[in-house]
Structure formats: C-alpha cells, structure tokens
Amino acid sequence: MGRLNEQRLFQPDLCDVDLVLVPQRSVFPAHKGVLAAYSQFFHSLFTQNKQLQRVELSLEALAPGGLQQILNFIYTSKLLVNAANVHEVLSAASLLQMADIAASCQELLDARSLGPPGPGTVALAQPAASCTPAAPPYYCDIKQEADTPGLPKIYAREGPDPYSVRVEDGAGTAGGTVPATIGPAQPFFKEEKEGGVEEAGGPPASLCKLEGGEELEEELGGSGTYSRREQSQIIVEVNLNNQTLHVSTGPEGKPGAGPSPATVVLGREDGLQRHSDEEEEDDEEEEEEEEEEEGGGSGREEEEEEEGGSQGEEEEEEEDGHSEQEEEEEEEEEEGPSEQDQESSEEEEGEEGEAGGKQGPRGSRSSRADPPPHSHMATRSRENARRRGTPEPEEAGRRGGKRPKPPPGVASASARGPPATDGLGAKVKLEEKQHHPCQKCPRVFNNRWYLEKHMNVTHSRMQICDQCGKRFLLESELLLHRQTDCERNIQCVTCGKAFKKLWSLHEHNKIVHGYAEKKFSCEICEKKFYTMAHVRKHMVAHTKDMPFTCETCGKSFKRSMSLKVHSLQHSGEKPFRCENCNERFQYKYQLRSHMSIHIGHKQFMCQWCGKDFNMKQYFDEHMKTHTGEKPYICEICGKSFTSRPNMKRHRRTHTGEKPYPCDVCGQRFRFSNMLKAHKEKCFRVSHTLAGDGVPAAPGLPPTQPQAHALPLLPGLPQTLPPPPHLPPPPPLFPTTASPGGRMNANN
C-alpha cells in the first residue's frame, strides 16, 4: 500500500480512476481495486461500470477535506480527525458507505471528546440554553439515508463517453436526514495582553464543554473560560471494529508545543503499516493544505509516529492575532508560499531545535511538566508507552529521531511563510530530490528506494557462473543452474551413459532400453516410433532424394549419418573401443555385441525358447517367429515376411537383380551367400594353378595361364591341348637300332 500511495501522490498517471468533486473542482487520483476493497459505494459503482476511468461527484455534503482524509486512511491506515474536519469526514464516510469510520466519528461527536472547534470551522447550530444536547439527527440517521430505498442515487453518463460517470444527489433534501441549518462560522480565539486573557470572538456559550469533572475544568482555566495556553491533551485510540482502546489525557504544554484537545488520531490496532520519511512528509503537506483550505487558523501540524506504528499525534502552533481581520490577512500570507517552502523551512528550523529546546522549559516537548497526580488517564497512557518500549522525547532527540519543536518565536515566523527567494530554492531542492540518476546506466528514478533496488538487482548482485559464465539475478537460480547444467552428471544404471538433465535420462531409458511404448507411427508404412522426432527422421526413407554422396566410391545416401558410417569402410578407422580389453570396433553395434563377453550374458533373452541376443533389433525379429507376425508383404506376389531385409531379398527373384559381383571372374549373384560360396570355389582353383610354378609360354601374356586354369567352366572350347605340366607319353619305337634288334625286326 505504501507504493500505491506514492503512485497516487507523485505519479497520478499510473492511477486508473479520477475522483472529481464538481462544485469544488478538485481531482483526486486513486486505484479502483483499493477503493472497491474499502468502500461499498465504489465497489458497486465499479462493478456496474468496469471500464470507468472518471467519476464526477456532484454531492453537496462531500467536501474535499473529508474525501482527502478518507483516501489517506485507505492508503496509510491512519485517519486524522479533529474538531475542524470531523463533520466532513463523517459526511464523506456516510456517503461512501464506510460504516466503520462513520460510526467512530459519530461516537466521538456523541462523547464530545474532540473539544471546541478552531477558528473558521463550521459547527452545528445548537440551542444556547443547553451545552450538552443529543447529537443532531443528521449524524444519527446518516446510515439510514444510505440504506433508504426512497432516496436512490442517480448515475448519469455525460454524453457518449462510456468512461465517465456523474453521481448527483438523489432527491434533494429529505426530512430528518438533511443536516439542520448550519450557522455561520464563529471565530473563537484569545487575545493575550499583559493584564490577562480576553476573548476576541463571540461567547462560547453555544459550544459544548469537555467532560472530565471539576478538576478538568480547572486545568482548562475554569468553567466559563477557555485558554489554549492551559489546555490538556486528550488522546483517543480507536480500532476499525469501533472499539475504543483507551482514552488518555496527556501532559500540559506550551501553546503550539503540544497537540490541542481537538486532535484525535485514529489508527489500526495491529500496527503493521510502516511508512518511510517521505510518506510522513507527504501526509504533513496534505494536512497543511486542508487546514489552509478550511481556514482553521490552527497553523501547521506535524505528525509524529510512534515505533509501533499504531498511535500518532497531531501538533498545532498558535498564531498571534489581535482581531478577525488580522487573522484573515495572516492566512492569506500563509497561502502565498507553497507547501514545499514550508517543508524546507521546517527542516532548517529543525537544525536549531536542540538549542532552542534548552532555552526554557517551554521550548520543546521534552520540557513538558508531568500531569497532575490525580489524572489517572495520563498515568495510564504513560504506562502504555513504556510497555511498548517507546523512547522518551529527550532520548529520541539524542538518537537522531524526530527533531524537537523550535521556540515559539521561530515557529511563528516560519508559519507566516519564508521569503520568496527561499521558497524558490526549496522548490529546486525538492525537484532535485525527486530525480535520482543511476551512476552506471542512463536510467533515472523518482524515489531513492527504487534506485537502490535497481542497483542491487542490476549492477551489484549479479550472480555469475564460474564454469559457463551465465549471469543470474538470484543466488538460488545460480545454485539450481550449477546442479542441473554444470556439475551434475546423471548416469544410466543399465548402460552407464551420463546425462546432465534428468529428463534426458528418462528419454534414454524409454528409447534405448525399451521401457516406453511406441505411440507415434508413420503415415506411409505405419512403422511405430517412440518420439515424433524419430518419425520425422524416418520420413526421409520414403523420399527418393539422396543428397549425401561418398567422394571415394560415389555411393549416395539419404542421411548424413549413413555417409559417416559408410566412410569408415574406406578409412578403416575403428572409433569404438572396449574399456575392458581395449579392443576397437568400427561400428557401435559391434561394441555392444562384444560387451556381452565381459558381462557374461546377453542383454535380451527370449522367454519362450531361452535364446539371447545382443541387440534389441534381432530380439524383436526373433520374437516374431513365436508370435507368427509377418508385417512385411511383397507387393508383387503377396508373400509376407517377418523382417524388411527378407522381403527385399525375395523381391530380387521378381526383378532379376544381381547386386553381388565376383572380383575374380566378374560373375554376378542374387544373394550374398551365393557369392561367398562362389568365391571359395574360385579361390581354390586359382590357388592350385599358381602353386605348381609352371612358367608361362614365352609368346603368351602373363595372364595366359589364368585363361587355361578354368577347363571345366561352361562356355569354353573343349579342344584345348593338355596342360603342359603333364609327363609326355612313352615312345612307340626306340630311336637307335641294335644288331640284335635288326635281327629281331627282320624276324
């Protein structure tokens, strides 16, 4: 509420509604939510008109002073009531349907606890014969007026503007509920002379006396006279539940040093509202403005707030006056300088307060005499102050708290108003105070509290992470960042993979270890996946674009990862290493299969036949043999298969494709197992021809033996000569003839 009060006083542009008193032409900015929370009148008004931004109140019974005090109570939880403004506050509270404040003011009027009003105040006309009549019917029946169905309030819109509402009096004057004829203002003040005290105004016979018995009358200077020099202080403490906490009579004091008996402070009982020095100064300025407008002639008032924040006092200063005309002239002079000039002069006078307080027993509040011993209420108030731990006025002055009052002469001079040059200087000083620039950035603040908060949050207390350099406003955010992003490593229990965030581990367990259900499926092939991101990656398989090409062999791929895996075949790199035996592998699935050797068992085991597998892909294909599921169907013949590779192999029988060629003879095969068997056979024949070491014919090329090494292959001519390594046949006849031979031959 303190911040909202600052907006109301210094930043009216931030308020969302303006209260306008049409007869007086006064504007009061406020907040809808705050007004609706305290006043039933504003609650019903804003409920009916939700876009309302301007409320014009054309009510004769609503005065600016009363409305200002009501707003001060709503925003600061303190209501300052004296004999000068109690009727205005009561009227405003009754019209705005604030029953608690109206009841409290009515009780004060009935009990006559406020004393006679000051000069210029408007008092109700009372019969001169009796001084203690009952309360006027206007204040007794004000609640009935608010609830009477016969007097409805009129809400009239002004023109086509839907954001403005005018509230006027309902039926004018009604019998019994309108105040009686209010007489003219009766001035009541004293003229001090050497011979004594004489009355300068009319006789106060029509004014009510204070209750308190003969002893109280003696303190006030007798039953028939009223002296402000000898008056006592009456403090009435009332909470919002219309319960009077206690009524105490304060010590006697000098004129202007102590609060008048017409001053009563109404505050909340809990005392939880604490205000800064700036708010106290604002309240003082508002009170001074009200006194000047009402013409009370009571001078400036200072508000002194106790440590509990639940009780306050209002002090008045008496002005030297000799006649009613002179008093009016002094009031005009006081209205000349602004409230800011009075505030600056008051601060200058406060510096000389201690010196002025030592000059005499009447120089300050600390020099007041104790009340008479027969005053039981004064003793009770002092005991309550001691019980709360409130320091004495002298101790408060030593501690640098509220400064004591200056001497009467200085006070009267300041009340008349400082020179014009001092007033201009005070205005400049106040404007300088309202602008607090930041030393490190070009921002400017109207309040020092906002500047300090800006410095603490933006410049001074930025929390920086030592590892990554990120900046945080709060230390708790930095600690959370370190636990989640920088230092914390969460490992998977199954495979030991580390993660920085817990949700990454959950996703890993769902996808890799199969703890989750595949909820996302492809619209084309109805294949299911764990996440939608996997579905988008899978959609590449249905496209014909292959933008990734191998520079070595020219093979194209649809994904960049497939090209990286393929490039390992050409480079021979084995990036995956086993931590147990340091054996390296080219692919990650090979490492996973190898890890089953160290673990002692394979990760996936069939519950039907007990067969185990290293990879979940093989395990899923095996499980389809038990369930009989064959989701892959040939488009040509309609035959179904358990896996996609088997269906692709079968499709080659229809297309005649033979993608596997032999490196030795160039023959092509449809399946990889057929090529493998052919390579074994081809290698055995070629190895036998090369192991005999027979040189090739001189006229033949070196590849000639390879041409004769395949005599059994189909398609080759069968009239080839025998291999040259075979032994020659034996000769039929001997090359040399002997005599015996001849004889035999001849025989």
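Don't overthink the numbers, they just go from 1 along the chain as shown.
Glycine is no exception: its Cβ is also placed from the backbone N, Cα and C atoms.
Model, not experiment: these values are computed from the prediction.
What Swiss-Prot records for 15-83 is domain 'BTB', and it gives sequence analysis as the kind of evidence.
Annotation source Swiss-Prot lists SUMO2 cross-link at Lys190, citing a large-scale study or a structure entry.
Here Swiss-Prot flags 243-424 (among others) as region 'Disordered'.
Annotation comment: Swiss-Prot describes 267-277 (among others) as compositional bias 'Basic and acidic residues'.
What Swiss-Prot records for 278-354 is compositional bias 'Acidic residues'.
According to Swiss-Prot, the compositional bias 'Basic and acidic residues' annotation covers 380-398 (among others).
The zinc finger annotation in Swiss-Prot covers 436-459 (among others).
Positions annotated as zinc finger by Swiss-Prot: 463-485 (among others).
Residues or ranges marked as zinc finger in Swiss-Prot (evidence: sequence analysis): 490-513 (among others).
Per Swiss-Prot, zinc finger is recorded for 520-542 (among others), and the stated evidence type is sequence analysis. Counting residues of the zinc finger (520-542) by DSSP class, helix then strand then coil, yields 11 helix, 4 strand, 8 coil.
Annotation comment: Swiss-Prot describes 548-570 (among others) as zinc finger. When Cβ-Cβ distances below 8 Å are used as the criterion, the zinc finger (548-570) is approached by residues 537, 540-541, 586-587 of the same chain, each at least six residues removed from its ends.
The zinc finger annotation in Swiss-Prot covers 576-598 (among others) and rests on sequence analysis. Long-range neighbours of the zinc finger (576-598) within the same chain, counting only residues 6 or more positions beyond its ends whose Cβ lies under 8 Å from a Cβ of the stretch, are 565, 568-569, 614-615.
When Cβ-Cβ distances below 8 Å are used as the criterion, the zinc finger (604-626) is approached by residues 514, 589, 592-593, 595-596, 642-643 of the same chain, each at least six residues removed from its ends. What Swiss-Prot records for 604-626 (among others) is zinc finger.
Applying DSSP to the zinc finger (632-654) sorts its residues as follows: 11 helix, 4 strand, 8 coil. Swiss-Prot lists 632-654 (among others) with the feature zinc finger, giving sequence analysis as the kind of evidence.
As annotated by Swiss-Prot, zinc finger applies to 660-687 (among others).
Annotation source Swiss-Prot lists region 'Disordered' at 694-747 (among others).
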DSSP-assigned states of the zinc finger (436-459) in counts, ordered helix, strand, coil: 12 helix, 4 strand, 8 coil
